[in-house]
Structures are given as structure tokens and as C-alpha cells.
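Engineer: Before anything else, here's the structure in question.
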């Protein structure tokens, strides 16, 4: 680590923070303590795993363990594709995509056993206490380290509909600043350094909260939701008599709370375990999130199914009927005794999945989901790489008229984003290429960017390798907005408008979070 690299990195971090403040919706509400602690946590973790020898040894041990798990997938791949696998090199369709299927199955098993919930509970609770953020948004940030932007919010599903815009934005930023563990393995098989990918995933959790609280601070944009807040008590009053009888802020979450939160974060739902009561203190909201995760772990179910089971059981314990009228974002159970059908607040059917019967069922379901993901990744790469080739032909033809016959889309991206990559530490001689990869990630997606970067990674300096890897490790791109709107909007249909309005700013927040990690890596790796 050289002093010039440190000063360069600090300058880049200051520039990124300035951009976030510039685009903040309400600079006066920015909480310096939360921002400073999130930044300190991100920098501290980066120093520990990228510079301190003991921390680097721990990261290397984790990397070796993950690599051993990846190597285990070779048995299944060899069995299925053995005769057609090349002796040297790798065929993406045969040796990368199948690993995604394997890791999706493994993740499903870990959820079934309650292991991931336990880890998320520890990390999320620690983030909440240290940074002063609410437990639901902190739990989501922790979950995003391991799973994707559509799966992580299921951990906090009961709270999403009643979140403030700041909390909702933090959830969106967390999803876009991180990547799912299954696709992260795919990046490593393309050639990206696995230790950097793992470090980037963990550093992205505080980075996402940092940028979220700069761009949309707690309490910002809430004036527009006053009407929604005013309707919540009435919705709670419409419940069955058994629900209204509980005391405010009880430990089991069945009472309708009345105490207004001092920080504006206690905006959960106003009944039962669908979330903390309207205006309930953030302390109770955090406790509720931990209880939900504990239930999921004890029952050994996936997060989605665990939340549904716990909600129904607590509803019955509170003396409420399953047919009570729903608030916006709630899932109202039908009279079907088997609980097969459900409808959202608009009356549209919502598909509900029962928990796996056993660990074999969990693995099978995960493999099925992984196959769908792998096919989508393969189809997306075929489409986008082919489209880029076509665009390059067109650009070359147009550029030839002006003496620029070699003009390509990658070059255009490079010219636009080279200053950004230079600011976070990439030497100018390599900034054009690095900017091209960042542009591909932002406009297309990160898999396309890694597919272009990884095969030629050895052509760049160690510093550039680290910075580009950290900058690309995130879902922040325009295509992810549709996925985010569909996934998060499906959990809370009443918040689709807010999600759509905050979408572009969330892409900015996720990108800045990735670049912040990249700047820290550039300081420490020279």
C-alpha cells in the first residue's frame, strides 16, 4: 500500500460521496452518524480482508472453502456432460451454467436447515445496532450478501408494505449493490478472482446502506405518504374484534400500537405479525424481525413459506379469522381449507408455495429454480453479446464514413466512463478499458461485463484487476429495474409506484456503492 494510492482512493471516495449528496432528495435530513459509521465499517472490513495479514488469511480460507464446494459440482457435470467436455479450457454452457444450478440447490438446502437465516440474523442485527438503521432494512442488506434482489426481501416480507420510502429505498439499493451467491460463482468460473468477489459481497452491505441514507435519508419523501399513513389506523380498526383487543406494542405483535416512533421508522403494518403496529417503536419492529427469522429457522422452511406459516398461526392465536379484509400489500387468505389460493389487496390471485417436505425436496426445488436462472443467464448472454456484435457492425459502418472504421460500442462506453474509473484508482492507461466494462455492466448487465473482462484479466495490473472486479460485482443496471419492480412489487403491490419512482436513483445508489468498494480496494492493492 503506497501513500499515493491511499490519497488517490480517498479522493475517489470523496468524489463519490459528493455525487451522492448532490443527488440527495433532502440533504438536511442526512444523518452524519449513520453515514460515517457505515463508511467506517466498509473501510474497516476492506482493510481487514485485503491488507491485514490475518484478515487476508481468513479470506483465503473462506475462498478455499467456497472453491472446494465449487469443485464438488464437477461430479454432477462430468456425469451429465463427460464425453463432450474439452480436456483444456472451459465451455460456458457445460461448465459454468451447471454450477449455478448446483449452488441454487445448495442455497435452498441451507435455507431449509435454517443456517442462512441464522447468519442473516446475526449480521443484520449487528448492522442495525451499529448504524442505527431499522432491523428490516438491515436484515435485507445482510440477506443480499448471500441471495439475490428478489429473494432477500422475502426475509422481511411482512414489513415491506408499511416501510417508509427511505427504508424501501435501502432495500432497493441493497438488492442492486450486491449479487446472488449462485451467479457470483459463475463470475469466478469466468476468471474473476473469487477472493475479490467474496470481499465485494460483504463490503456491499454497509456500502448500500451508506448510499441509501445519503440519497434518500430517513424521513425524506414521507409527506407524499401522509394519506397512506392516515388510512392505516382505520384499516387496523376494521379487523375482527379479537385483533383489536391486544395491548399496544405487545411482544407477540398482535396489538395495535399507538405510540408514534421518534425517528419515523415505526411504520409497519397495523395488525398481528404482518408487521409492527402503525407507529410502533422501532425497538419493537426490530424484535419482530428477529422473531420472524427465528421462526423460519426453527421450522426449517424457506423464508417465504416460514413467514406465511407464522403469520397464519399468529393470526389464529389472536382470534382473527382468515377472511379478514386486507390492507394494501397484505395477502388475504381464501376460505380454501388447504390454503392453496390467495389474493392480494386488488383481488388478484397470488401463488403461495408450501415449505419443502424434507431436505431432498428443498434441494430439488432449488435445482429447479437454478435451472431457470441458468437458462435465463445463457439466453441473456446469447442475446446481448450478439446484439453488441450487430451494433458494432453498424457503428463501424457509420464510423468508416468519418475515418473511424474501428468504432465500437465498447469504445463509446470507455470514453464515457473512463474518468469515473480513473477517479477510483485505475491508471489512465487502463481507464478506457475499465470504463468500457463499467458501461457494459450499467447499460447491459454484469454478466456481459464479466464475460468481456475475465478472459483478458491478466492483461491488466493487479490494482486494475481488483478495482474492476469490485466495481462490476453488483446488479446495478437498467435491466435489473424490471426484475426489482416485479419481485419487490409482487411482495407489496401497493408500493409499485414508489418502487418505480425510486428506481433510477436506486441504480445510481447501487453503482456508487460498488465504486466505493472499488476505491477502497484500489487503496489497498497496488
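Using N, Cα and C of the backbone, Cβ positions are placed for all residues, glycine too.
In TrEMBL, annotation is done automatically, which means it is predicted and not curated.
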Engineer: From the ranges 145-167, 168-190, 191-213, grab the one TrEMBL calls transmembrane segment.
Structural biologist: 168-190
Engineer: According to TrEMBL, which stretch among 90-113, 114-137 corresponds to the feature transmembrane segment?
Structural biologist: 90-113
Engineer: Kindly point out the range from 340-357, 412-429, 430-447 that TrEMBL annotates with transmembrane segment.
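Structural biologist: It is 412-429 that TrEMBL annotates as transmembrane segment.
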Engineer: Taking contact to mean 3 or more CB pairs closer than 8 A (sequence separation of 6 or more), are the transmembrane segment (502-525) and the transmembrane segment (90-113) in contact?
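Structural biologist: The answer is no, given that the two segments have fewer than 3 Cβ pairs within the 8 Å cut-off.
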Engineer: Looking at the stretches 6-23, 35-54, 168-190, which one shares the most CB pairs under 8 Å with the transmembrane segment (412-429)?
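Structural biologist: Out of the listed stretches, 6-23 contacts the transmembrane segment (412-429) most.
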Engineer: Within the domain 'Concentrative nucleoside transporter N-terminal' (12-83), count helix residues (DSSP H, G, I), strand residues (E, B) and coil residues, in that order.
Structural biologist: 64 helix, 0 strand, 8 coil
Engineer: Across the domain 'Concentrative nucleoside transporter C-terminal' (349-522), what does the mean pLDDT come to, as a whole number?
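Structural biologist: Mean pLDDT for the domain 'Concentrative nucleoside transporter C-terminal' (349-522): 90.
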Engineer: Give residue numbers and ranges for long-range contacts of the transmembrane segment (466-490): same chain, 6 or more residues beyond its ends, CB-CB under 8 A.
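Structural biologist: Residues 50, 148-150, 153, 160, 171-172, 175-179, 184, 187, 192-193, 196-197, 199-201, 203-204, 350, 421, 424-426, 434, 437-438, 441-446, 449-450, 453, 460, 496, 499-500, 503-504, 506-507, 509-511, 513-515, 517-522, 525.
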